[in-house]
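Annotated in Swiss-Prot:
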{"type": "REGION", "residues": "1-267", "note": "region 'Amidoligase domain'"}
{"type": "BINDING", "residues": "15, 148, 149, 150, 188, 189, 190, 191, 192, 193, 224", "note": "CTP binding site"}
{"type": "BINDING", "residues": "15, 188, 189, 190, 191, 192, 193, 224", "note": "UTP binding site"}
{"type": "BINDING", "residues": "16, 17, 18, 19, 20, 21, 73, 240, 241, 242", "note": "ATP binding site"}
{"type": "BINDING", "residues": "56, 360, 388, 389, 390, 391, 411, 468", "note": "L-glutamine binding site"}
{"type": "BINDING", "residues": "73, 141", "note": "Mg(2+) binding site"}
{"type": "DOMAIN", "residues": "292-540", "note": "domain 'Glutamine amidotransferase type-1'"}
{"type": "ACT_SITE", "residues": "387", "note": "active site, nucleophile"}
{"type": "ACT_SITE", "residues": "513", "note": "active site"}
{"type": "ACT_SITE", "residues": "515", "note": "active site"}
């Protein structure tokens, strides 16, 4: 029987330290050594999943292949280790309690008093162990900060792990902040010392300290942290601010993290194969070209709401030796009559080589998105629409090309005369919000000779989805008769999955979320095409 190894990553001092990037980077280093790696994100909130959470609260909702609506860190994991994860790889307090209470109602606890310890903690451990089956190493990131009340059951569960599977099979890594006090000109270790003290009071002694810092860590500071936090000096790892998140694995490898982890877990330390990763990072850091894509969205105040889109643009940019700048344009700014003047100014200032309209929900800012699409279509600016972005493209085309004045989606206007976008038939009897959309990977059949077919290079494609509305099949014919090509449909021919306008040099949209499948070594074709078209290339 294969011995499973578990690595638990906690965070201290403040949130948003980069635990997710640290975990993903370690996953990359271990996979580069030939190990089979799985990754888990624990979120100590009471929701079952992230699906009902506002982008302003939680950033984007990352959709897995099997339809899980999960934390955005799963996106980092997938991109860094180049593996598809599942909905089960995101554990929440809600999922754990739901499972325990369901078992209690079934009488599975045989009359025992159901308590946090042992029932909740056992459920957490069982979930992690089950996900670890078949893997050499499972990396588990504990969301939140040590000291948070809501994290305590998870911390207790991972404390017990070393007794359950043997301490030689468990590694604890603590990510903490070393703040730099400019007035004093020095890094301060006290917050990290107190964070480790808090962790040790729970019964967890970290094996490795990863210190987030904007300045180099001196030997003196390493020795001090090693002494007060009871770790080896070599286990104090510097994690300085990087030029790109994709440089972090290389920086941590230079610090000796990969070698240290394999040593502490009694695993063979093989030479990591990071050549392709280094080439990718070099292209990101040293581009030869530059373009600016305008992202017209509703949630642009919080860039994490579109995280996978920005990463997909980085991947496509690197493939084309191009730095992709993003011009964040709030869609509500384009709802005035002067929207064309604003977009004209962006073009004159070289701030609008291409336009991307991402997904979203609700009618706020929708007319601004429609105006941006009209501008892209009429001025032949490379355009990519995603999910709601495709629906808005259909509305714009129906109004301004087909002559269907007032055409709309029933999401925005239930009484529209021309419902060119309508609720999916299977959604019409559903009232619950959580986990009820059309979620996960679905196939589409592409029409040969179209732009979509040229970009993908094959007839059948699978993309991830997250939507309730579709292009109304009753309007397919009139749209196509006026020059809109429905270049990809569901296998039954009912649902429009891709649309394009062939007379424009690059005008394409999809009902799916292609950004979730883009990887550093495999940029998504739609984003690659957008960057190439924005550079002036004709897509052949």
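Cβ coordinates come from backbone N, Cα and C, glycine included.
Note that the structure is predicted; figures quoted are calculated from it, not measured.
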Distant-in-sequence Cβ neighbours of residue 73 (ATP binding site), under 8 Å, six or more positions away: 19, 20, 23, 24, 41, 62, 141, 143
Local Cβ density at residue 20 (ATP binding site) - other Cβ atoms counted within 10 Å: 25
Distance from residue 513 (active site) back to residue 189 (UTP binding site), taken between C-alpha atoms, in Å: 43
In three-state DSSP terms, the structure that the residue listed as 'active site, nucleophile' belongs to: coil
Cβ neighbours of residue 15 (CTP binding site) where a neighbour is any other Cβ within 10 Å: 11
Candidates 188, 192, 224, 360, 389 (binding-site residues) - the one closest to residue 18 (ATP binding site) by CA: 192
C-alpha spacing of residue 190 (CTP binding site) relative to residue 411 (L-glutamine binding site), in angstrom: 53
Alpha-carbon distance [residue 193 (UTP binding site); residue 360 (L-glutamine binding site)] in Å: 43
Neighbourhood of residue 391 (L-glutamine binding site), C-beta criterion under 8 angstroms, separation at least six: 409, 421, 469, 471, 511
For ATP: widest Cα to Cα gap among 16, 17, 18, 19, 20, 21, 73, 240, 241, 242 in Å: 20
